[in-house]
Amino acid sequence: PPPLQVVSYAPFTLLPSAVPRALFEQAYAVQQDFNLLVDAISRDQEFLERTLASTIKVDDFTAQLFRIHQQVLEEGLAQSVFLGINRSDYMFDCGVAGPPALKQIEINTIAASFGGLASRTTTVHGHVLRVLGMSEEAARLLPNNPARGLALGIAKAWELYGSPSAVVMFLVEEVQRNIFDQRCVENELWNRNIRVIRRRFRDVFEQGSLDGDRRLHVDGQEVAVVYYREGYVPKNYDQQNWEARLLLERSRAVKCPDIATQLAGTKKVQQELSRPGMLEKLLPGRSEAVARIRATFAGLYSLDVGEEGDKIAAAAIANPDRFVLKPQREGGGNNLYGEELRQVLERIKDSPERTSYILMDKIQPQPAINYLLRARSPLKASKCISELGIFGVYVRHGKELVLNEVAGHLLRTKAVEHADGGVAAGVAVLDTPYLV
């Protein structure tokens, strides 16, 4: 029988978690720099081609995205307004002597989620603190409304597209577990009198078309903005869905993200950015931005074929607990640690397949005790670690950046025994930072 349609609450911590104020402020201060960087990468065809050359030989998914990217460029871009919604994720590294340091885990450039639910979490934790008789502490929780910030970006892109009767299309999965998160953003748009439709790749394949100006029509409605909340993992695609994706990318509609920006979010690009001199090339004349960005980088290592790759692979096999092995995947639950990392590297160390992974220093956060409230899960005190995400939104019109904003934050917390995985993967839960 089909599964029952059960609505469950999003998991969250009972109490807000302590976050060092200086690191929180550092993460906010660097977000506009990261917005500029992602935009610069997405426009640098040569950089993307060179950086992903080894990856697309061994990773079919990245290769397929890259083929669409090339096809769209050869045809000539119809799109003139570009919208980026990204989320840069950090942990607080206490591994070395000295104060904790802010270290970037990754930047998500497609379907960066929880902007909606994060807009609701502060209220929940404020209520809990007041019930506990801690009203002064409750008053110190920061206001946070990423949903509004994300909607402002979508609204700006919609406005610049310049067709008042056109709609915003949320591209969503067949089965949508995280629908309420999306509804928060959607309702912000309705409040601005911007019509929103929700469609799947399948609907685009069946009902989507381009007119002579390459304007996108779905179900007879012109689409101004396509906001992807799916399409970031291989299982999102079959042959039809790839065709639908190509149709969307060829259109004049503002894609959030366009395919070049999705490619800018790959792990391989992240690793390439940590090479000396690379940020300076991408952001010429912006030495302060470069310094702020570089300060957040953890050690990242290439496993490309050659001596450098051989060396680092051998080091990781000898010392697996120092590293994390990351494939080119979004969505949590894909990273390899410890013994598993060692086994996989042993297997692929002499094959070109290793170039589809990057190796990163393992960050050592300081655990704290909290209670994780998850449906059908016993309530107990757990040793937890937190990850801070900062939402960034930018809009480019032609060559001009017309919007570059920080939209808010997200704190996710998980029990230390779960090395990897986000909220959607069922491991992390929503939290609120309490600045100390």
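Every residue, even glycine, has its Cβ placed from backbone N, Cα and C.
According to TrEMBL, the protein has these features:
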type    : residues                                                         : note
BINDING : Arg87, 110-113, 176-178, Gln182, 229-232, Arg412, 423-424        : substrate binding site
BINDING : Glu106, Lys267, 326-335, Tyr337, 360-363, Glu387, Lys414, Asp420 : ATP binding site
BINDING : Glu106, Asn108, Glu330                                           : Mg(2+) binding site
DOMAIN  : 166-264                                                          : domain 'Glutathione synthase substrate-binding'
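Cβ neighbour count within 10 Å across all protein chains ranks Tyr232 highest among the binding-site residues Tyr232, Tyr337. Taking H, G and I as helix, E and B as strand and the rest as coil, DSSP gives the domain 'Glutathione synthase substrate-binding' (166-264) the counts 41 helix, 26 strand, 32 coil. When the alpha carbons of Tyr337 (ATP binding site) and Asn108 (Mg(2+) binding site) are compared, the span between them is 21 angstrom. Put simply, Asn108 is the one of the binding-site residues Glu106, Asn108, Pro327, Lys362, Lys414 whose Cα lies nearest to the Cα of Arg87 (substrate binding site).
Note: the Cα of Gln182 (substrate binding site) and the Cα of Asn108 (Mg(2+) binding site) are spaced 16 Å from each other.
Note on Arg177 (substrate binding site): other Cβ atoms within 10 Å of its Cβ, all shown chains, come to 11. Using Cα positions, the member of the binding-site residues Arg177, Glu230, Tyr232 nearest to Glu106 (ATP binding site) is identified as Tyr232. Using a 10 Å radius centred on the Cβ of Lys362 (ATP binding site) and all shown protein chains, the other Cβ atoms total 21. When the binding-site residues Ser113, Arg177, Tyr232 are ranked by how far their Cα is from the Cα of Lys414 (ATP binding site), Ser113 comes first.
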